[in-house]
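Over in TrEMBL, the protein carries these features:
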- C117: active site, proton donor (ACT_SITE)
- K22, N23: phosphoenolpyruvate binding site (BINDING)
- R93, R122, P123, I124, D125, L126, D305, V327: UDP-N-acetyl-alpha-D-glucosamine binding site (BINDING)
- 10-405: domain 'Enolpyruvate transferase' (DOMAIN)
- C117: 2-(S-cysteinyl)pyruvic acid O-phosphothioketal (MOD_RES)
Amino acid sequence: MEKILVKNSLHLRGTVRTSGAKNAALPILAASLLGTEDIVLEDVPELKDVEIMTEVLKSLGSDVKKIGKNKFIINSKNLNSYETKYELMSKMRASFLVMGPLLGRMGKTVNSLPGGCNIGSRPIDLHLKGFEALGAIIENNVGDITASAEELTGNKIYLDFPSVGATENIIMAAVLAKGETIIENAAMEPEIVDLANFLRKMGASVTGAGTSSIRIRGVEKLTGCNHQIIPDRIEAGTFMVAAAITKGDVIVENVISSHMKPIIAKLKEAGCEVIENDEAIRVIGTENPKAISIKTLPYPGFPTDMQAQFLSLMTQLRGNSVAIETVFENRFMHADELNKMGADISVEGREAIINGPKKLKGTSVKATDLRAGAALILAGLVAEGTTEISEIYHIDRGYENIEDKFRSLGANIERVDRE
Ligand code: UD1
C-alpha cells in the first residue's frame, strides 16, 4: 500500500506552478460529449479523477487521445452509448456530470448512483429536478437512474441551493434544448465560468455564468474548439497555506488572483504578508500568526475545499480559531487525525474550535478524503518527526505531482510502497 511520509520541514521557500483545475477539467471533459468535431484541451491536470473521466468518455464511444503533457484531443462524433458503467461511476462522483450532456445529445442517459469523497450525503435531487424541468422523465431503478426525453425544451429553473454540479449538469443539458433556459440561484464558481467559456467556443449560447442567473439559448449543434483549463484555485490555496504554516516564503505561479480573495483575506488576517502580481501570488509567513475564523460558503465565499487545509494552519495560530462548515454536513473527519498528531480541535456539528498553537507530533494518520489528505501533509510539515499518511489514493484524485511540487519548495516528503 502506498503511503506518503512527511518530515518536519519549516520555512518552505521557492516557486511552484499551479496545475489546471480538476473541478474545471471534469465538467469540460464531460461537455466534450456534446461536440461533433475535434476538441483540444490544454492544461488538463494528470490526476486519477481525470483518468476516470477519460475512461468514462471512451466507454461512451468518444475518441480520447493524449497528445502531449496535459494535452488531449477528443472527438465525440461517434458516440455509441448513453449508459455509464457502474465500475466507473462508483469510482468518482463527478462521473455523474456526463448525464446532462448525454441527455442533451442522445435524448437518454442511464447512470448508477455516484461514488466519491465520503463527506456527507451528497444527493443529486437538484440535478434531476433540473432535467425534469427541461422535459426529461426520470426513472430510478434499483440505483440506476434513467433520464430520457423525446425533446428537451428550455425552462426557468430555480435551484434551492447553488449546487456546482447541478448548475453544470443543467447547463450541459440545456445547450442543445429547444428555446431558452434560465437557471436562477445558480452556482457562481470560476469553474462554471470556464465551462461556459468552453461551451461558447463550441457554438453554445450561454450568458451570465459567474452570476446567480445563467441564460442558455439552445442551438442545433456544437462543434469543436481549443481550450485551456483555468488554474486550480484549491491547489494554489494549498501551497499558500504551506507557506503560512511553515513560516516560509512561497511564490505560487499560474493563479488568478481574483479567485483567491477569501484565502488571501484569511491569510492576511492571520498575519501573513500576501503580495499579488500578474498570475502569481507570494505568501510570506509570520513568526507569530494569530487565530482566525472561517465559514465555508458557495463562491465567492470561503471554499469548503480549503477548510481542511486551514484547520491544519489553525493548529499553529495563537488563540482560538473557529471553522464553520455550511456546505457539507460531515466534513471534519480530518480533525480526529489532526488531534492524533497533538492538535486540540473540538467539533460540534458543523463547527470546529481549534485551540492553538500546539506542537504537533508525527504519527500514522489516514487521508479520509482528498482535501483532508492535503491537510495532513501540511500538518506533517510542522510536526516533529515523521508523519505517515495512508489511503493516499484520495490525494492522487486531486493533486498533480504533489510530492515533487512540495520537494521543489524544500519539503522533506516521499512516497513509499509498504504495509
Ligand atoms: C463540487 C466540487 C467539490 C466541492 C463542491 C462545493 C467538482 C467536481 N466538485 O462538488 O470539490 O467541494 O462543489 O464547492 O466540481 N446538493 C444537494 N442536492 C443536489 C446537489 C447538491 O442537496 O442535487 C448539496 C450537497 O449535498 C452539498 C451541497 O449541495 O451539501 C454542495 O454540493 P455541490 O455544490 O453540488 O457540490 P459538487 O458539485 O458535488
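Yeah, the Cβs are placed from backbone N, Cα and C, and that goes for glycine too.
TrEMBL annotations: computationally assigned, not manually curated.
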Using CB under 6 Å from any atom of ligand 1, narrow the binding-site residues K22, N23, I124, D305 to the ones that qualify.
N23, I124, D305
With DSSP assignments reduced to helix, strand and coil, which class does V327 (UDP-N-acetyl-alpha-D-glucosamine binding site) get?
coil
Counting distance between Cα atoms, which of the binding-site residues D125, L126, D305 is nearest N23 (phosphoenolpyruvate binding site)?
D305
Overall pLDDT for the domain 'Enolpyruvate transferase' (10-405), taken as the rounded mean:
96
D125, D305: which of these binding-site residues has the sparsest Cβ neighbourhood within 10 Å?
D125
Where's the emptiest Cβ shell within 10 Å among the binding-site residues K22, R93?
R93
May I ask you to report the DSSP-based helix, strand or coil state of P123 (UDP-N-acetyl-alpha-D-glucosamine binding site)?
coil
So how many other Cβ atoms are close to N23 (phosphoenolpyruvate binding site), meaning within 10 Å of its Cβ?
25
Which residues in the same chain, at least 6 apart in sequence, have a Cβ under 8 Å from the Cβ of L126 (UDP-N-acetyl-alpha-D-glucosamine binding site)?
L159, D160, F161, S163, A166
Secondary structure of K22 (phosphoenolpyruvate binding site) (DSSP, helix/strand/coil):
helix
